[in-house]
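According to TrEMBL, the feature transmembrane segment maps to 9-29, 41-61, 73-91, 97-116, 136-152, 158-182, 203-230, 236-258, 287-310, 316-341, 353-370, 376-399.
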Amino acid sequence: MRLVVFRSGLILALASLFGFFSNFIFSVFLEKDAYGEIVTLFSLVSILVLVSPLGTNAFFLSHRDAYAKSANAIIVFPAFISLFMGMGFLIDELSLLRIAFISLLVVSTLSVQGIMASQIRQNGAQAAIYQSLQPFLKSVAALAVLASIVAGEGKSQAIDILAIGLIVTSVFAIPLMLWRLVDLQAGGGLFDLAFFKRFTKAQWISLISFWLSSILGMAYSLGIIPLVSYFHGYHYAAYLGIYFIFWSGSNILITMLINNHYWPKCCATRSAGEDERGVIIDSLRMSLGVAALTLFGTILVALFISEFIWSEYSGIGHFLVIVSLAISVRAISAWLGMMILSFDALITRKTHVQLTMVLLMAVSVAAINVDDYQTLAWLLVVLEVGYFLGYFLSSLRVLKNRYFSRS
């Protein structure tokens, strides 16, 4: 087990480096407005990719026989949904960047389905590979941008080069993933949607609750970027892009430890009728470690090298010191949301908290006068603390009575 975790951790650590590298290149070599637009589209990909499976992935993780009967359709159907949603963005503007956005959305959807299939097979290393695919494609596009800058191309051309890089890599990635995930000799037809009929009414309610919870959670995490872009412009969204460079590093660690290891382990333990308390405690310790690591890591970067790296971003060091608080709190909120509030009736509580925070975030971003970057930074901290408090209060009784009781 330790070897599996190590291999998965190594793969995701490389993915984290790919993600940091690509976002770093984009933030340094793209114009501010262009970088703000890029991170806006990337955040929309991350949100929409959760819409496409229609909440069914959580069901198949615990009903593997049902997955085996319709595996091909379960893989392919969400990809068509993501393609349909992406085409809607071409109505507003037909450009290379929008086409790149659609291709990345389809790749990301197939990656999510690949992660689910790997978790069903309990193949953590393979799940980590699918988790790492999007950062890898972005890093290839970043290398293309870097090469163009070195060759003397201006920043105005960099955005088109980035788009072409994403399109080309996606063209190779999509058929490769379909070849790995789809087995025409087994797993049912590609368009056999009979698995939808197998869900009972109670299961549909549970699935939709979990689905909405996942979407709202991601909408809260990344939705602030398109909101800030819409109400205050891409210039301010560019600062959020730098914040999310550090946030994404923390999120990859959380995904590796919680989503890909402890949560499937907890599901299996509960399904077997065993006590999951040990898994819960271990996962909390690891989440606290991630929180501490991201807090001090972000502060060190902010104090010593941020002004040198992002010299065009005024006050970036102070901005990062403030938002380091939000990044560290986020790790604990993620643990509460996944390990405690993702089971039974608690999912409904989590959904209520998420909906409340998404609405509060939207109203705050629309109403607040963002006249400097410190205001934006403190807004992030306030929202993350509110998110944590909502999760903590919703799970307090379960934590006290089930996992941390003195008896």
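Each Cβ is built from the backbone N, Cα and C atoms, and glycine gets one as well.
Keep in mind it's a predicted model, so treat the numbers as computed, not measured.
Highest Cβ contact count with the transmembrane segment (9-29) among the listed stretches 41-61, 136-152, 158-182, 236-258 falls to 236-258 (criterion: pairs under 8 Å). Taking residue pairs at least 6 apart in sequence, the transmembrane segment (73-91) and the transmembrane segment (376-399) share fewer than three C-beta contacts under 8 angstroms. Of the ranges 41-61, 316-341, 353-370, the one with the most Cβ pairs under 8 Å to the transmembrane segment (203-230) is 41-61. Remote same-chain residues near the transmembrane segment (353-370) are listed as 213, 216-217, 219-220, 223-224, 227-228, 231-232, 236, 376, 379, 383, 386-387, 390-391, 394 (criterion: CB distance under 8 Å, separation of at least six residues from the stretch ends).
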